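Features from Swiss-Prot:
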- 233, 234, 235, 287, 385: L-serine binding site (BINDING)
- 264, 265, 266, 351, 352, 353, 354: ATP binding site (BINDING)
């Protein structure tokens, strides 16, 4: 969430930051409401100070021997009670106005860092580096063809069970999924991440805190009879692990890794990636999440990105790192690196991980602070996919495909899978 004080004190700067995302916003009404709220708070504080003085004066008079029923004391108490009524009215007005302001601010995305390249969309993203040697040429099959030939998955049965954009994995497909999850968790925990297995149902406050709501309500599955939603990413429950908390400074940084099923309606992707494992309503993902002190978040961003890259390197999958331009940033991010894995069958790079620094945006929405000495401040949060399991499987199938119809598995995965190749089932 954007800082209300910064909006009030320098709305033009915030408007320019949002304009870099392609949003034309007039913050004048919000600024006026914020100034009014500040005025109400000051007026209430003034009345409370007067009330405290009256209470003190009443106590002194009674202590000096004046009767509590005297006209003088009764008059003072009457004034005090009147002030309390005024204060109660002001408090209700403040609450209503503060709620209205928060509701408006929740709709605004994070401001891009000054270092973030300007641009409108993915076409303006900046390639930072690449790794590995992409397989290029004719004759490479797409992952869904390979998976069907090997008997790894069945989409028709999934439609019967649920609907389109779901997949059921069988035999080597199910084992490969499980192997990848365990492999990724082991690599990340060996680097100091604490493993978490969070709920897949989360409440509205958790989704608001991470920045998923209200923006992405139509993209999420909701349980209509409860205040619960199927989580679109483990980033949501991981953020809320410390919602409304003060984290002791000496405990920072906190690094979590979590495997979680993820659920998305994909409302805006009609006709895209209708086959295979790239775009599903339900998919598995391993998520990395950091809570850090503000001055170290940019350094942490490089580390969390490298940790996600390490998985691709160990799996021998060619990829590139792309810095997102201001117009392509996710809602909560101030800076993002996408890792895009090479798929020779599709003859293209596809996103497999998004590594974002959200600075204090999520922490302000979730009220997550740290305290060092007498100073309390918001933490910074970072997240990265480490990695999306289905897309990783797709990349392994396409990059490991052999002329005899088998798929060669990366050496690092063999101890987890138990065999060095996938064969027809």
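In case you wondered, yes, glycine gets a Cβ from its N, Cα and C as well.
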Would you count the other CB atoms within 10 A of the CB of residue 354 (ATP binding site), including those on all shown protein chains?
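I get 22 for this one.
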Determine, using Cα-Cα distances only, which of these binding-site residues is closest to residue 287 (L-serine binding site): 264, 265, 266, 351, 352.
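Of all the candidates listed, 352 is nearest in space.
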Near residue 353 (ATP binding site) in space, meaning Cα within 10 angstroms, which of the binding-site residues do we find among 233, 234, 235?
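Neighbours among binding-site residues: none.
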Given the recorded L-serine site (233, 234, 235, 287, 385), which additional residues of the same chain have their Cβ within 8 Å of the Cβ centre, ordered by sequence?
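What remains near the Cβ centre is 236, 238, 258, 260, 262, 285, 286, 288, 289, 383.
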To the nearest whole angstrom, state the Cα distance for the pair residue 264 (ATP binding site) and residue 235 (L-serine binding site).
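Cα-Cα, rounded: 14 Å.
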What residues, ordered by sequence, lie under 8 A Cβ-to-Cβ from residue 352 (ATP binding site) and sit at least six positions away in the same chain?
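For residue 352 (ATP binding site), the qualifying residues are 312, 319, 339, 340, 341, 385, 387, 388, 391, 392, 395.
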Rounded to a whole angstrom, what is the largest C-alpha distance between any two of the residues 233, 234, 235, 287, 385 that the record assigns to L-serine?
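Answer in Å: the longest Cα-Cα distance is 9.
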Whole-number Å only: compute the distance from the Cα of residue 233 (L-serine binding site) to the Cα of residue 354 (ATP binding site).
12
Residues with Cβ closer than 8 Å to the Cβ of residue 266 (ATP binding site), same chain and 6+ apart in sequence?
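Those within reach of residue 266 (ATP binding site), by Cβ under 8 Å and sequence separation of 6 or more, are 165, 219, 279, 280, 281.
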Can you check what DSSP calls residue 235 (L-serine binding site), collapsed to helix, strand or coil?
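SS state of residue 235 (L-serine binding site) = helix.
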Please identify, from the binding-site residues 264, 265, the residue with the sparsest Cβ neighbourhood, meaning fewest other Cβ atoms within 10 angstroms.
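Lowest Cβ count within 10 Å among the binding-site residues (264, 265) is 265.
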Please find, for 264, 265, 266, 351, 352, 353, 354 as listed binding ATP, the greatest distance between any two Cα atoms, in Å.
19
At the Cα level, what's the spacing in Å between residue 351 (ATP binding site) and residue 235 (L-serine binding site), rounded?
17
Which of 235, 287, 351 has the fewest nearby Cβ atoms, counting only those within 10 Å, among these binding-site residues?
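Per-residue Cβ counts within 10 Å for the binding-site residues 235, 287, 351 bottom out at 351.
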Quick one: pull the CA-CA distance for residue 265 (ATP binding site) versus residue 234 (L-serine binding site), whole Å only.
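The separation of the Cα atoms works out to 16 Å.
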